[in-house]
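Database features, via TrEMBL:
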ACT_SITE  Cys263  active site, nucleophile
BINDING   Asp30, Lys35, Thr86, Thr122, Glu155, Lys266, Arg331  NAD(+) binding site
BINDING   Phe152, Leu153, Arg154, Glu155, Lys207, Phe252, Leu253, His254, Ala255, Gly256, Gly260, Lys324  substrate binding site
DOMAIN    317-418  domain 'UDP-glucose/GDP-mannose dehydrogenase C-terminal'
Amino acid sequence: MKIAMIGTGYVGLVSGVCFSDFGHDVVCVDKNPEKIAMLERGEVPIFEPGLDALIEKNVAAGRLSFTTDLPAAVDGAEAVFIAVGTPTRRGDGHADLSYVMAAAEEIAHAITGYTVVVTKSTVPVGTNRQVEEVIAKANPQAEFDVASNPEFLREGAAIEDFMKPDRIIVGVQNDRAAQVMADIYRPLYLREFPIITTDLESAEMIKYAANAFLATKITFINEIAALCERVGADIKQVSKGMGRDGRIGNKFLHAGPGYGGSCFPKDTKALARIGQDHGLPMQITETVIKVNDETRRRMIEKITDMMDGHLAGKTVAVLGVTFKPNTDDMREAPSLTVIPALIGAGARVRVVDPQGRREGEALLPGVHWMDDAYKAAQNADALVILTEWNEFRALDLKRLAKRMAFPAMADLRNIYSAQDARRAGFARYVSVGRSDYRAGD
Ligand SMILES: NC(=O)c1ccc[n+]([C@@H]2O[C@H](COP(=O)([O-])OP(=O)(O)OC[C@H]3O[C@@H](n4cnc5c(N)ncnc54)[C@H](O)[C@@H]3O)[C@@H](O)[C@H]2O)c1
């Protein structure tokens, strides 16, 4: 099948590349010429494990190409996917649909023959019908259907998620479009990954409901973690005990510095907005947004308290700035709240992150980038773990403590324990949802 993928970001690029790996003929389009030029040179504009090899393989096989020329890519395509960004609209929390609608209009003028226009971007209920109207108005002759196909991949494990999904959601209005979608996903369907076919509105709603639910689960455990600290319980034991209940499950029960990233913050805000627009406030989601903001603020207090309130002139080494490991994505990362607060309080901040520098340099002015945790710890007054990259999971804590001016660690991902820290010679250790350790207490 011939497929055009409009938007070559974290979702569009992975989806386009994986579709080409299924054997489809895919053209990935982006309006950012630098991105396309990089891809044409064989470079990958984002960090996503395994993506470079898959691109190389499918380009070599002649099934995958990149262009800024949307009309040429759409011409003759049986399916055109819209995978452009839907960021939070300034001021009101609503999803900004301007990129989706602009893409729809461009697509409308380029359609030839029957085409299914598929929205992969996360969009509020009703957007696919709007896309349909935009196309029909811009090109009354266009023979097309719209379909909703929200994406559930996780950055850092995107290829695996795309190739082995829990489910594929397809919202359609008729059998003809459903058949095209079934043909596209046939390789997964044959391997018994379920395709759930729904109406347009349900497909759109599933994506927001799923993300808001996951954000709620994380926020719930973060709130329980805060209570654990007050009552002397250990959140790791609590999570383990809860997660063994099959009705709850053990995923997304890790306490930490609050959710961030390219999806949960904007999708919870958009869902809250959708509820308000329909006179039905999403009270749980609204509370989740509030509690998550508080969780982030609590992390700053934790670090400040660990340093007895004295950050001015102190050196803090921060390990990890991306919103999670195995990605270079910095969108809404906790580091963007925590690090400016440390700098604002007068601290000198050193940063180590395996992939975060390219994006992070512009977002975190005033930090000193280093490439090694031990070098960053040299003469530092505190160490803060913000992202649980594998390379930070098995640090030689003794070696770290020895070289610090004052060995204090804020482990905001609960990688280590107070016992580990004490044994290694740390004078202070704070984490999330567990008792702090202070030498001499
Ligand atoms: N990032 C994720 O993990 C994830 C997961 C599931 C769903 N989503 C959803 O997928 C959508 C895309 O997210 P993303 O993270 O890939 O965004 P992104 O910002 O990384 O990529 C969007 C790309 O679209 C391009 N673009 C915008 N308008 C265009 C146009 N008219 N023609 C061609 N290209 C255009 C931009 O230049 C950009 O490269 C969003 O709605 C997001 O909510 C993201």
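The backbone N, Cα and C atoms fix where each Cβ goes, glycine too.
In TrEMBL, annotation is done automatically, which means it is predicted and not curated.
It should be emphasised that the depicted structure is a prediction, and the values quoted were computed from it without experimental measurement.
If you measure from the Cα atom of Thr86 (NAD(+) binding site) to that of Phe152 (substrate binding site), you get 15 Å. The two recorded residues, Thr122 (NAD(+) binding site) and Arg154 (substrate binding site), show a Cα separation of 14 Å. Sequence-distant neighbours of Asp30 (NAD(+) binding site): residues of the same chain at least 6 apart with a C-beta under 8 Å from its C-beta are Gly7, Thr8, Gly9, Gly12, Ile36, Phe66, Thr68. For the pair Phe152 (substrate binding site) and Cys263 (active site, nucleophile), the Cα-Cα distance reads 10 Å. Proximity of the binding-site residues (Thr122, Leu253, Gly260, Lys266, Arg331) to ligand 1: a Cβ under 6 Å from the molecule is found for Thr122. Using Cα positions, the member of the binding-site residues Arg154, Lys207, Gly260 nearest to Arg331 (NAD(+) binding site) is identified as Gly260. Taking DSSP states H, G and I as helix and E and B as strand, the domain 'UDP-glucose/GDP-mannose dehydrogenase C-terminal' (317-418) has 33 helix, 19 strand, 50 coil.
Every protein chain considered, the tally of other Cβ atoms within 10 Å of the Cβ of Leu253 (substrate binding site) stands at 19. Spatially close to Arg154 (substrate binding site) yet at least six residues away along the chain are Asp161, judged by Cβ distances under 8 angstroms. Counting in whole angstrom, Lys35 (NAD(+) binding site) lies 24 from Gly260 (substrate binding site) by their C-alpha atoms.
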